[in-house]
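Q: Mind looking over this structure? Questions follow.
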Amino acid sequence: MLTGVIEGFYGRDWRRDERATVMDWIAAAGMNTYIYGPKDDVHVRARWRVPYDAAGLARLTELRDAAAARGMVFYVSLAPCLDVTYSDPQDRAALLARVDQLARAGLRNLVLLFDDIPSVLPEADRHRFDSFAEAQADLSNMVLRHLRGAGHVVFCPTEYCGRMAGGDPRGSAYLQRLGSTLDPAIDIFWTGPEIVSEEIVAAHLAAVGEVLRRRPVIWDNFHANDYDIRRVFAGPLGGRSRDILPLVAGWITNPNNEAEANFPAIHTTGAYLADPDYAPERAIAAAVAAWQPRFRLAFGDGAVPSDLVALLCDLFWQPFALGPETTRILSALRAALTVPRPDPSDPAWRAALEDLRDLKRRINKLFTLMTEIENRDLFHTFHNYLWEAQEEVGHLVAYCDWLDEAPPPGAVFPATDRIHNFYRRGFGVAVQDILQRDRQGRYHHGV
């Protein structure tokens, strides 16, 4: 079963040393696969017809050798999907020329990507193919035949999640056709019911396997953050029970853009795949213990304490939730603020305020220690996120301290002695102000 990481995000690709580090983490987590497919490499997607030069090809063979030295399989991605004419002899020859160049270099394990494009068969192909899926399958089958059994192919479909299949994978004409025409030796990626799936359950995967006529390989975007540059995810893999594993042919995580942020994602994914009793909270505790040595301070023998590394994970937990501690503190404060004016003598208010003040102190301590760590890539990975966390919690504490002073009716916060110029502004915020959303992110107009 394929298990590991795909470098498949939109954004700046990883450096050579970052890829080596990620490979170390994959191997330590007991997984076996590294897939090279950064959108930032123009030879993968934007200029898929153009072969690598000697230096580019050497970089890939070096990565293959690095993966092999760790007992891992290395895949290279090609994404002809942006502008290929599936029936055009020149395009088909160009794709095979790319495959030949890679194969001659010993790079015979390929991923063919047809994701994030319109689900429309090009006009020029309609004389030969009766469906988009048939055209993609024909091109992919051609690649597999060309490899003559010397390599493996994984296919990423255009409909790669339940939402894109109209919520009903079994009823998707695209998936039906793909399942019936794509060579059974080619594996197929699937992200779950959503692009970023909060949960993946057995009934869903059974339906997917039925329509694809094979078990899918999960492309897990749970820790991906390329769709929201304001967030990073350092919590454990969640929302996936172990009973789904017999229904898949592999599990590949597509994690954060920032390589240094991905130790928890990789460590807990490996734990999920290996541990029959996997529990996210226990997995993240083990990940924190194993990750802490990377937080060594630049001077002396110390490191950021494990409780503060755990706080880092808690602050930047998962795409659908804050960490348990942060959730508890903010939930208690939200409840205490439901009254127009909190009573400074109310025990619930006092407890919520003290917990918030303590959270602020610990975030400040974490922020300061992170500026002093030796690993500057790790520092810069989290610096902007921690800066925002420190500023926002500081502002919240200042407001609650002001309320705790029992200000007179009609008083406004912040007063002139309060700093308030970090209020978020800009184009994105202006758009969001127009589109008023509820707590689930849904829009309502005129209600």
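Placement of Cβ uses the backbone N, Cα and C atoms for every residue, glycine included.
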Q: Given that Swiss-Prot lists G8, K39, D115, Y160, W219, D220, N221, D226 as binding protein, which residue among N141, N254, N256 does it place in the same site?
A: N254
Q: For N221 (protein binding site), what is the secondary structure by DSSP, using just helix, strand and coil?
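A: The residue in question, N221 (protein binding site), is coil (DSSP, three-state).
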Q: Once near-sequence residues are set aside, which residues in the chain of N221 (protein binding site), 6 or more away, have Cβ atoms under 8 Å from its Cβ?
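A: Those within reach of N221 (protein binding site), by Cβ under 8 Å and sequence separation of 6 or more, are T191, I195, V196, S197, N254.
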